[in-house]
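J.: Just dropping this structure here.
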Amino acid sequence: GKEKTFDPSFKGPIKKRGCTDILCCLLFFVFILGYIVIGLFAWLNGDPVILLHPTDNQGRICGLNYGDLDLRNKNNLFYFDLTRCASAATLINLQCQTTQVIIFVITKCVDQDCREQIAQRATSTFFLDWDKYICTYGFNARKAYVNSSLTIILSGKCAPYYLPYAPVVGRCIPAIAVDSLNLISSAVDEAGNNFNASLDASNTTITYQSLLDGTAPVKLYLEARAIAENIFADLTVSWYWLLGMLAITAVVAFLWIVIMRWVAGIMVWVTLLGIIGVLSFGVWYCYDEWNRLKTVAGSNTTIIAVGFTTNLSTYLALQDTWLAFLIILAIVDAIMILLVIFLRKRIQIAIKVIEQSSKAIGWMISTLFYPLVTFLLVLIAVSFWAATALFLASTGSPIYQVIDSRNLTSLPNTTSLHGQTCDINLWSNSTHQYYLNDDVSCVFVKYGGTSIFHNNVIWLQVVAVFGMLWIVNWILALGQCTLAGAFASYYWAWKKPQDIPLLPLYSSFGRSLRYHTGSLAFGSLIIAIVQIIRLMLEYADNKLKTAENKVAKFILKCMKCCFWCLEKFLKFLNRNAYIMIAVYGKHFCWSAKEAFKLLMRNIIRAAVIDKVTDFILFVGKLIVTVGMGALAWAFFTNKFVSLLQAPTLNYYWMPIIIVSVAAYFVAAGFFNTFGMAVDTIFLCFLEDLERNDGSEEKPYYMSKSLRDVLGKKNKKAKKR
């Protein structure tokens, strides 16, 4: 494209501007309105409680009143046979393949009298206390009891065996499963010693290991909860130290950005010369080894003759190996030296731009705290999506499906019923074909319905995810455009800081929100579309993991790679488009085109400053994160005991991890702002070079240090 020409009316970000990309703005607001309608409909029809509370195999929830069945005072789920919860079908279908009923913990869950009575299950004349037994809803054992308790128990109407139970997260769990966490008192050890094995109604031995297998998920939950409780206890006594360290992190990150105006050049040149020095030493060392091996017998054997071996010392004893190292390092060293020689001016420009960016942030410190606004807005958007997704997943009535675990190879002319919907009332009738069949059962799987809304819940979930992606990307775009407008105001101020507008960050935020919501929505829509396609590809890839079609897998991997690259390129293009929008107030397509052409006219400068900036930001994040992690380690392990006394903790490593992770995100927020400052000032610098020539009528706005690097001068300091 053609270079920009001088415009006497241009003095930085345009003040008088109009709304851009109005159609996209309207589309964005209509979509948000529809998104809110989906959320409201989900909230009115859904109930996340059903996803969090125990549910029996008929879809009933603990603590609710179902009219014909009042469960308000019954808050614990009882499994008739927990040993069946360890089956593969349970893992696949997320439902334990045994009858589950909701009971009242006090009268049932801890009662052990039934254990003695079950021993008389085959005695027809022995009177049993049926009130102690746990049976299906509405079943009257006294009326049904005719011959023996064995008949009733084998029919699946009552639990086949009983053990000491403990209520755990709303479920009745055998006490031995939770004994390792000292939740109860028991003489049973981890190996199962002193455990009195029980027999169920069919004389099957209920072993210690079978109970542990059936309760493994609950035991895992309990162990995780115990760890979480200890961590929470640690945080209650160390939270003020953590906040103090985060404050230190913010101060260190800010100071690092400020001192960039003095140390950026030193850091870059020392690193480049250090890399060249290391490579040169490597070249000398490889040559020395290659020359020494000339006098060693057998070292002239070729690598091909040696073949493949895991003994690396075999290769290191060959001349060819060191000659290959020598050639590779020499080529890389030569390339680095040539790059430094021929790109030295561009490297110096990058350093000066970084120094100017540091000064800009120093004059507008409020820009460092704008990421907090972005974080809060993103948190609101993600929270709304998460709540909507939960309510959508919990809408409707219980849906039941057939679980068919039969081996059909031994049953000719038999069709599997697995996955078909079923009526729990029909299957509960004793006249049904598969009544009380251990291999074929009708179980509750989820909540749903037959209405248009319920039949399209999965698509509403997709729309909700897409909406979350679009809104989050719009929030990020708003932040980039706001910061770009503020930093552009700094660059195009003739006298700094006198000519910097009052409240530049606030003014830029107002302009971005008032005039360019549509343009920001346009750019974020493109990114959201690519991201939703990537999520679909990830889903397809997960489904094809067990497939044998290698061609389909290869094509899918290629598509994932292509869309990843496309997303990276579009984010780079959008970032620079938002800078042009902030400066000129034009629509998205014009801004993206002009930014791209401007960068292509200065492709080498753009590449150099991009890599130099990436290096500076990487070093900054590394130093802040590692430094704060080391400080946290030294403090919480009492290395500063003579100065400060650290609190006593259960896990001293948890605060260290929290400080390190939080330090990284704090540093990332600060340095992302710094990166936006570099990109904005660099684009303004390129515009300045094309628009102006240093004459009295067209003076440069760039700093004197940048003009010195380019050999440019302003003929006369003209008051703007």
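Glycine residues also receive a Cβ, built from the backbone N, Cα and C atoms like all the rest.
TrEMBL annotations: computationally assigned, not manually curated.
So TrEMBL lists these for the protein:
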TRANSMEM  21-44  transmembrane segment
TRANSMEM  239-259  transmembrane segment
TRANSMEM  266-285  transmembrane segment
TRANSMEM  322-343  transmembrane segment
TRANSMEM  363-387  transmembrane segment
TRANSMEM  452-470  transmembrane segment
TRANSMEM  475-493  transmembrane segment
TRANSMEM  513-537  transmembrane segment
TRANSMEM  615-636  transmembrane segment
TRANSMEM  651-671  transmembrane segment
J.: Who are the long-range neighbours of the transmembrane segment (651-671) in its own chain, taking Cβ under 8 Å and residues 6 or more past its ends?
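T.: Beyond its ends, the transmembrane segment (651-671) has Cβ neighbours at 227, 230-231, 234-235, 238, 241-242, 245-246, 249-250, 253-254, 256-257, 368, 371-372, 375, 617, 620-621, 624-625, 628-629, 631-633, 636-637.
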J.: Is the count of Cβ pairs under 8 Å between the transmembrane segment (615-636) and the transmembrane segment (21-44), pairs 6 or more apart in sequence, 3 or more?
T.: no
J.: At a threshold of under 8 Å on Cβ distances, which of 266-285, 363-387, 513-537 pairs most often with the transmembrane segment (21-44)?
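T.: Comparing 266-285, 363-387, 513-537: 513-537 has the most Cβ pairs near the transmembrane segment (21-44).
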J.: Counting only residues 6 or more past its boundaries, what in the same chain has a CB within less than 8 Å of a CB in the transmembrane segment (475-493)?
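T.: Distal contacts: 11-13, 356-357, 360, 363-364, 367, 370-371, 373-374, 377-378, 381, 499-501, 504-505, 507-509, 511-513, 516, 520, 523-524, 574-575, 578-579, 581-583, 673, 676-677, 679-681, 684-685, 688, 701-702.
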